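Over in Swiss-Prot, the protein carries these features:
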type: BINDING; residues: Cys115, Cys121, Cys124, Cys161; note: [2Fe-2S] cluster binding site
type: DOMAIN; residues: 78-180; note: domain '2Fe-2S ferredoxin-type'
type: REGION; residues: 38-70; note: region 'Disordered'
Amino acid sequence: MAVFLLKRGVWASLMIGGFGPRAVLFSKLGQNHARLSQATPEKLETSNEEEGSSSAQITAGVESDAENQRAELSEETVEVVFLDRSGQRIPVKGKVGESVLCLAHRYNIELEGACESSLACSTCHVYVNTEYFHKLPEPDEREDDMLDMAPLLQENSRLGCQIILTKQLNGAEFTLPKITRNFYVDGHVPKPH
């Protein structure tokens, strides 16, 4: 069970499907639209806060994005190569529909992904080889905003969480930058996803 406190300007939906219920937050402007189906929250409470703003609390079972993505993966595979920070080439096989970030985690490649694919950091920043860079869809405004915060930004920079493997990416190379930027509280040790 997970509890989310929602402020004004944001609404939530509980989705049924895949591995089970999933709570999803959507902005009022609809930036994160898609996949609305059979929304039935287990518990919804509203209250007024100071200054007239309202909040809602939803309690629901939540599945991780990684679990949800596994349900949507194709059996078709593509071969790609990661170049780690030391320059070592790491050839891997990924499933069509899998993100580059999830693929890196599956093979224990040090691509952090601190925000768990929520477009709130740039720790999964990668360089895409130019032959394949133009085969990717254009980044949306939110990805561009996060890339602006990435150190060592290049023309071929993308976020690994936003690159979804397709058959056209067979043979692509993803190079990890020498550094990434993340903010931690003293003593924090990142956990693998």
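Glycine too: its Cβ is placed from the backbone N, Cα and C atoms.
Owing to the predicted nature of the structure, the values given are computational and were not obtained by experimental measurement.
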Among the binding-site residues listed here (Cys115, Cys121, Cys124), identify the one with the smallest other-Cβ count within 10 Å. Cys115
So if I draw a 10 Å sphere around the Cβ of Cys161 ([2Fe-2S] cluster binding site), how many other Cβ atoms end up inside it? 27
Other residues, Cβ within 8 Å of Cys115, Cys121, Cys124, Cys161 Cβ centroid ([2Fe-2S] cluster site): Leu101, Glu112, Gly113, Ala114, Glu116, Ser117, Ser118, Leu119, Ala120, Ser122, Thr123, Met146, Leu159, Gly160
For Cys161 ([2Fe-2S] cluster binding site), name the DSSP secondary structure in the helix/strand/coil scheme. helix
